[in-house]
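What TrEMBL records for this protein:
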- CYS82, CYS85, HIS86: heme c 1 binding site (BINDING)
- 213-340: domain 'Cytochrome c' (DOMAIN)
- CYS226, CYS229, HIS230: heme c 2 binding site (BINDING)
Amino acid sequence: MNNMELRILVYIISLLFWTSCSSEKEDYVPITENAKLEFTVPANFPEPSYNVTLNPPTEKGFELGKKLFYDGRLASDGVISCGFCHIQDFAFTHHTHIVSHGVNGALGTRNAQPLHNMAFMKEFTWDGAAIHLDLQPIIPITAEVEMNETFTGIIKKLEEQPEYVKLFAEAFEDQKINSDNMLKAISQFMIMMISANTKYDKVERNEGSVFTEQESAGLELFKSKCASCHQGTLFTDQSYRNNGLPIDPEYNDVGRKRVTGLEEDIYKFKVPSLRNIELTFPYMHDGRLKTLEDVLNHYSDGMVDSRTLDPIFKSQNNIKGIPMTTEEKQLIIAFLKTLTDDDFLNDDRFSEF
Ligand code: HEC
Ligand code: HEC
């Protein structure tokens, strides 16, 4: 082989090598494969209200939703993220804060609600102002006393972050950074937040746990005195009721009437789920009660009559409230503590770090 031939051969080999490489490159699909996450309804739960098929949680969508949830860029001051007011250790409530605390120390008028089992809820917030989970975050994002931002403002900030450009592109087919995709991603994160591994659940599903005598007695009392409103495995019938709290002169929060405009809805609030209740103190829509003892004392002795007070509280021999002995209250509290879900509270999938 002469020099020329050798060079041609080297050239051909390198060409072959190069084309084989490049053809490999053409077949090579970039790693944007976005696996679907498994959304499993626990055996003792009802069907979800959220239509999961319209926004199926995916690995990248969830990752994006979580990043947004913990990102102060969603607020005008760059600090107040969703996670600022919704802290995982306390079932995503704002521990120690009676009412919410937003940008520049602005105070809201309501106690931050826990975030768990959102996929099973039909309406959101204490008065049902949000009728779809995808729309709920618009309220805190734009509220002056919460995050005080605009979607245009947030999108501008996100577009400057290569990490977000990449994540939006991987998570959604149209690859766009827009409010629709933002809200979908946050929902994907929130619908995966299922709390269904409490002692109560394990007893209900026959998974080897057994109630103590006290817890069993507490459950029986709970069924007869509380479960008409705090119903089923979600511990709420999702209705709006007036449970007899004295009117708060500071805010005079009219509750459900704010949404419907109806006089008959004044001072009614959404029946809250009691899951993880041990950790979501302080209690009630304005966080006025500090402990579970305070709550039970309210039901037995603190109730104030009004036109919209729930009839359940009036029916018992004209005595307002739910008569209970101190011992019965302790038993109910023992039962309520079986609704704490340590697996959920410590689930790394939902933590910031
Ligand atoms: C300043 C504190 C604060 C921030 C920030 C905040 N929230 Fe909230 N969140 C609240 C309060 C207070 C409520 C109850 C609101 C009401 O009843 O009007 C609430 C209610 C909710 C609910 C309704 C829960 C239910 O059971 O109906 C959802 C969902 C929610 N927040 C998600 C979010 C998301 C997502 C973000 C970020 C985009 C966010 N929150 C930011 C304080 C906050
Ligand atoms: C007639 C319906 C009804 C009955 C019966 C009822 N509740 Fe409630 N409960 C509510 C409503 C409505 C609220 C929210 C009120 C508010 O914040 O203004 C509430 C709030 C609570 C809270 C505070 C939850 C939170 O997240 O802050 C606890 C705890 C509670 N109830 C426990 C009980 C127990 C225990 C019983 C039985 C002794 C009981 N409830 C009976 C309707 C009811």
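Backbone N, Cα and C atoms are what each Cβ position is placed from, and that goes for glycine too.
Since this is a predicted model, take the numbers as computed values, not measurements.
Where TrEMBL records a feature, it is marked here on the structure.
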residue: CYS82; record: heme c 1 binding site; contacts (Cβ under 8 Å, 6+ apart): LEU68, PHE69, TYR70, LEU74, PRO137, PRO140, ILE186
residue: CYS85; record: heme c 1 binding site; contacts (Cβ under 8 Å, 6+ apart): HIS94, HIS97, SER100, HIS101, GLY102, ALA112, PRO140, GLU146
residue: HIS86; record: heme c 1 binding site; contacts (Cβ under 8 Å, 6+ apart): PHE69, PHE92, THR93, HIS94, ALA112, PRO114, LEU115
residue: CYS226; record: heme c 2 binding site; contacts (Cβ under 8 Å, 6+ apart): ILE322, ILE332
residue: CYS229; record: heme c 2 binding site; contacts (Cβ under 8 Å, 6+ apart): THR236, ASP237, SER239, ARG241, ASN243, VAL271, ASP310, ILE312
residue: HIS230; record: heme c 2 binding site; contacts (Cβ under 8 Å, 6+ apart): PHE222, THR236, ASP237, VAL271, PRO272, SER273, LEU274
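When pLDDT is averaged over the domain 'Cytochrome c' (213-340), the result is 95.
Other than the site residues CYS226, CYS229, HIS230, same-chain residues with C-beta atoms no more than 8 angstroms from the centre of those residues' C-beta atoms, the heme c 2 site, are PHE222, LYS225, ALA227, SER228, GLN231, PHE235, THR236, ASP237, VAL271, LEU274. Sorting each residue of the domain 'Cytochrome c' (213-340) by its DSSP state yields 51 helix, 10 strand, 67 coil. Listed in sequence order, the residues PHE69, SER81, GLY83, PHE84, ILE87, PHE92, HIS94, ALA112, LEU115, PRO140 complete the 8 Å Cβ shell around the heme c 1 site centroid, once CYS82, CYS85, HIS86 themselves are left out. With a cut-off of under 6 Å between the Cβ and any atom of ligand 2, the binding-site residues HIS86, CYS226, CYS229 reduce to CYS226, CYS229.
Checking the binding-site residues CYS82, CYS85, CYS226, CYS229, HIS230 against ligand 1, the ones whose Cβ sits under 6 Å from it are CYS82, CYS85.
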